[in-house]
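Trainee: Questions regarding the structure given below will be posed in turn.
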Number of protein chains: 2
Amino acid sequence: MTQSPAPQTVESAAAPVQHQAVTFPEGLALDCGAVIAPVTVAYRTYGQLDAARGNAVLICHALTGDQYVAEPHPITGKPGWWEAVVGPGKPVDTDRFFVICANVLGGCMGSTGPREMMTDAGGQTRPWGTDFPSITIRDMVRAQKLLVSHLGIPRLLAVIGGSMGGMQVLEWAATFPEMVFAAAPIATATHHSAQNIAFHEVGRAAIHSDPDWKGGRYWEDGRIPARGLSVARMVAHITYLSEQALSRKFGRRLRGASALTFLEDVFEVESYLRHQGSTFVRRFDANSYLTITRAMDYFDMAAEHGGNLAAAFRGTGTRFFVASFDSDWLFPTAESRILVRALNAAAANVSFVEIASDKGHDAFLLDEPDFHAALGGFLRGAAERAGL
Amino acid sequence: MTQSPAPQTVESAAAPVQHQAVTFPEGLALDCGAVIAPVTVAYRTYGQLDAARGNAVLICHALTGDQYVAEPHPITGKPGWWEAVVGPGKPVDTDRFFVICANVLGGCMGSTGPREMMTDAGGQTRPWGTDFPSITIRDMVRAQKLLVSHLGIPRLLAVIGGSMGGMQVLEWAATFPEMVFAAAPIATATHHSAQNIAFHEVGRAAIHSDPDWKGGRYWEDGRIPARGLSVARMVAHITYLSEQALSRKFGRRLRGASALTFLEDVFEVESYLRHQGSTFVRRFDANSYLTITRAMDYFDMAAEHGGNLAAAFRGTGTRFFVASFDSDWLFPTAESRILVRALNAAAANVSFVEIASDKGHDAFLLDEPDFHAALGGFLRGAAERAGL
């Protein structure tokens, strides 16, 4: 067995990126009791808001997503994460709708989060780091509500998101029902499962184990806990793919000629995962990862409503579109069915589709024509009902 | 968010344990072309070998198992890992059968492996560490063959094992068919899947990322890469349990009173996983973990036989008992069916049972009466056919 390369120290990410953002001096009161003031929400918009301010669609991003939905990413230069879905003539048609996406509270792309600066009790200015308060999915939604009101939008035509984005969609519909005409929670669940919590805990343990994490104060010497964050990304990435997708992509194909050369990264899947881990650390912040995974783990809508999930949606006028993917084992169809049953119990207007795909959880981000047709149809129908 | 405890340096394991072992000066030629000489095989036996030397049953252990099948573990003091199955009056009845279990080649409980001493080209005596050659499941079986011949046993009544133990059972049947009267590969597969390789790669990356690993030379300053090995164990442990088992054991139960205290280890499942990780490092060696996971990843019986799995068993006289568990997602029933189809194509004598259990892959180690009844029945039938 050859040795792997010695662990490398990785310097902090490239020069800071300037993000479009709005700061609210009054701040935000959190579920944990703390108040963050001021609070900043970074965001991007696509398309034009109509005169009646009625064509706004809010996109909510997933754990490691950000507000760069439909344009090149300012750090990686890669296409926007949902260009398959959002753009001119796409299912979320920016020729017709005014699309907004905000970086989540606790994120690392300009919204207030562990990487942003704060002034501590002693008057010193430094990053929040692990002093950033614990937040919930509902806190993320409250921050987005500040932005939407700031933009002068009384009601969103639709709130759409997959995975953790879908959790935000559900909190929008439960917390501000009068502001949500239509809601599309995709590849998500009403609570985070024990297995999902466990996988997150592995990622957090990997970050905590990296000496460069330094108890969260890694900014002090300009390093980042790249090894720990990379391992966290690797394990998460496996859960985003189905066994079928991994097998089709890589099978047991070897990088070299023979199985018995016994080199590092002898399987293509290993090389791919290591690449995933190492590119991720360039754009994401380890303390943000800790903060946001915790928010997902705490998510439990039934518990928030006295153990009665249907109570979260009682009397709702929102139109729901629920979608799952049959090879998604991180947020399996069974969890969407729990949501649909609760919506039915609340007499909500709900349509549900399980999409046949062998791509696993990641399918919601990929080229899935049936899913795109269903989502586009739902949104056009909602626009018609809204009189657009 | 509170900080987790600072990463701790862990000193090397407790005083070395003396294992029962036999050393073969002639050594062992490996699949990779290297020769390990001398080679030592540590083992335990239970029960009495009969006068005809016909009642021997070989148990093959899994990735992190060892030879202490049916007696307290010499390091942890816990019961043997298969006391539910092996012992007086148990399915593998030690009142009737002579049970042998060897620590696998590459292991860390007395058989030749990365933690054992070698003499290098310069005449210096030091642990093998990462200079230990890459090995295969077949190499493990060849080492066991040396032991079985040393014990004077011409033919094993049965070879039994689960998970990686099942891989060894299959290699025994394919490589030394005349020595295997009956074979019981349990919760296993004929090749390691892309997903399983990927999970192993996460564990190896976690070990490689731990500065205390020191490129594999951690023995030099008496430390062990406890943080990396612990993370590796955590992720593996999730794959051993079903979502149902995790949910039943822990659900989303909180350790404290409120979800919003936001302490470390707020969910019971996290505390459990951290405990699993930290106890594991006391008994297992990181370089052994790297070596053995690689051996599993290389396992591909069809590839070893020109792409024809049935060819591995052509003309076999061995009686097979194949068992899977319906909630096992690491070695799912579909993979046992691939084996059964190949055995059928080879006109082998094979029985197959899928056990209903919600315990996941770990079910093969646990109290599963239907499984125990089926395995015990198969073994009694084999003994009768063998004229015992």
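Cβ atoms here come from the backbone N, Cα and C positions, even for glycine.
In TrEMBL, annotation is done automatically, which means it is predicted and not curated.
Sharing the record's features from TrEMBL:
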- A:SER163: active site, nucleophile (ACT_SITE)
- A:ASP328: active site (ACT_SITE)
- A:HIS361: active site (ACT_SITE)
- A:ARG233, A:ASP362: substrate binding site (BINDING)
- A:55-366: domain 'AB hydrolase-1' (DOMAIN)
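Locate each feature and note its surroundings.
Mentor: DSSP gives A:SER163 (active site, nucleophile) a coil state; it is part of no helix or strand. The number of other CB atoms found within 10 A of the CB of A:SER163 (active site, nucleophile), across every protein chain shown, is 27.
Every protein chain considered, the tally of other Cβ atoms within 10 Å of the Cβ of A:ASP328 (active site) stands at 27.
In sequence order, A:SER163, A:ALA187, A:THR239, A:TYR240, A:LEU241, A:SER242, A:PHE325, A:ASP328, A:TRP329, A:LEU330, A:PHE331 make up the list of same-chain residues 6 or more apart from A:HIS361 (active site) whose Cβ falls under 8 Å from its Cβ. A:HIS361 (active site) carries a helical DSSP state (H, G or I).
Under the three-state DSSP scheme, A:ARG233 (substrate binding site) falls in the helix class.
Confidence in the domain 'AB hydrolase-1' (A:55-366), given as mean pLDDT, stands at 92.
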Trainee: Using all protein chains in view, find how many other C-beta atoms are within 10 Å of the C-beta of A:ARG233 (substrate binding site).
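Mentor: So the number of other Cβ atoms within 10 Å of A:ARG233 (substrate binding site) is 23.
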Trainee: With H, G and I counted as helix, E and B as strand and the rest as coil, say where DSSP puts A:ASP328 (active site).
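Mentor: Reduced to three states, the DSSP call for A:ASP328 (active site) is coil.
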Trainee: Can you give me the same-chain residues 6 or more apart in sequence from A:ASP362 (substrate binding site) with a CB-CB distance under 8 Å?
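Mentor: Within the chain, A:ASP362 (substrate binding site) has Cβ neighbours under 8 Å at A:TYR240, A:LEU241, A:ALA245.
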